[in-house]
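> Got these off TrEMBL a minute ago, pasting:
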type	residues	note
TRANSMEM	32-56	transmembrane segment
TRANSMEM	68-87	transmembrane segment
TRANSMEM	130-152	transmembrane segment
TRANSMEM	187-207	transmembrane segment
TRANSMEM	273-292	transmembrane segment
TRANSMEM	298-317	transmembrane segment
TRANSMEM	360-378	transmembrane segment
Amino acid sequence: MKPSQRMHGLVQHINAVAQQLGLDMLTVKKEYIFRTWVTISAPLTYAVFGVYWGFLEARRHWLEGIKSSIMLGGLVSGSAKLLTILLRHTPIRDLLHFIIKISVDYEQRGVDFIHALNFGIDRVYKIQRIIFVGYSITFLIMLLMPLVLLFYKGIRITVMPYEIPGLSIDSNIGYGLTYLQHTIPEVVGGIGFYLGDMLVLLALNQIQTFADIFQLKATALNDALEHKEHSRYVCNVGEYKDFNIQALLMDLINWHQLFVDYCELVEKIYDNLIAAQVFAASVSIVICLCVNLNEFDLISAIFFLVSAYSMSVYCIVGTQIEFAYDQVYQTVSCLSWHELSCEQRKLYMMMLQRAQNMKIIILLGITPLSLGTALQASELDFCFGNLLAKNNI
């Protein structure tokens, strides 16, 4: 398959997932159908029942109040993803079409560009499989474990960490209705987490693909500059060969400008979503650690894995983007710029200056999106959770 066909299939897959939630990402006009309102109601119902139940539990004991808020981070990150999709539907749609257009244009420029595009798509599919398997396993366990414990041990636990006022889980009808109500936000949340992550990580991974394309263009320019240098030893006096350097240089500069604009656009669209995802996951890790260091709780242990898993994926991709920025800078620095004319060197210096000052993704203006941030957050989470548990607040 051509890279454009593969990318189109990937975008269609993401849109098919969005349509399950009533959120068509490729439509020109956003429409609110029944499934859209069900999706919107999922975080609202959890916020209402969860906060109310958490307040009641906290009055009995602090640990019970914390148990009821273990999915608060999921509520924050899920709401951020939903609001981003609803409020920034048009720029996200345009971004998806632009990604497909780049694949269509550059697959016609030779085998090297096809290989770069396919390599980038393979990266996205690899991340897609990791996310899909991770979310599928954890959310299925959260849905099925209460039923397993009920049938085999007679223990009644809820899927979500709250009970509905007026419905007692000690009765069969009350437990059944509670389980059905919990299933709706659980399923909507699982699909929504997967959709939001795929939209963000698809956009972020294209930065690496664009960096690879930039390197191919820079290699073509460097070859022309080296040919120009070697031609001086074989050409007659007064003979001049251009080697199409001006066109190659302008093509490289234009692509670098597109690269910079794309990075800024992605950050503008998804900055709040990424920050909410990482910080909400960090808060969830603290809460789950605090609960499990006092006594083992199955739901919080599973959600701990979900939170740590999602935060790690984002931070690892952030580190790869930093490597892509370094790759672009190293590529610009290694050009045979001494073979350029005076006017061409001025253009080259402008590109080099921009490559030196690439704007990395900063979470709420505090810390960069990188693996180092994930390690620091994990260390702080463990220390804080351990402190709360030992001191018993």
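Backbone N, Cα and C define each Cβ position, glycine as well.
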> Other than its close neighbours in sequence, what residues sit by the transmembrane segment (187-207), given a CB gap under 8 Å and a spacing of at least six beyond its ends?
10-11, 14, 17-18, 20-21, 23, 25, 38-39, 42-43, 74, 77-78, 81-82, 84-85, 92, 95, 99, 102, 120, 123-124, 127-128, 131-132, 135-136, 139, 143, 259, 262-263, 266, 269-270, 273-274, 277, 310, 313-314, 317-318, 320-321, 324
> So if I exclude everything within five residues of the ends of the transmembrane segment (130-152), which remaining residues of that chain have a CB under 8 angstroms from its CBs? That is, six or more out.
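Distant contacts of the transmembrane segment (130-152): 158-159, 175, 179, 183, 186-187, 189-190, 193-194, 197-198, 201, 298-299, 302-303, 305-306, 309, 313.
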> What parts of the chain pack near the transmembrane segment (298-317), using Cβ distances under 8 Å and only residues at least 6 beyond its ends?
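Counting only partners 6 or more residues beyond its ends, the transmembrane segment (298-317) has Cβ contacts under 8 Å with 67, 70-71, 73-74, 77, 127, 130-131, 134-135, 138-139, 141-142, 145, 157, 159, 161, 193, 197, 200-201, 204-205, 274, 277-278, 280-282, 284-285, 287-289, 291-292, 369-371, 373-374, 377-378.
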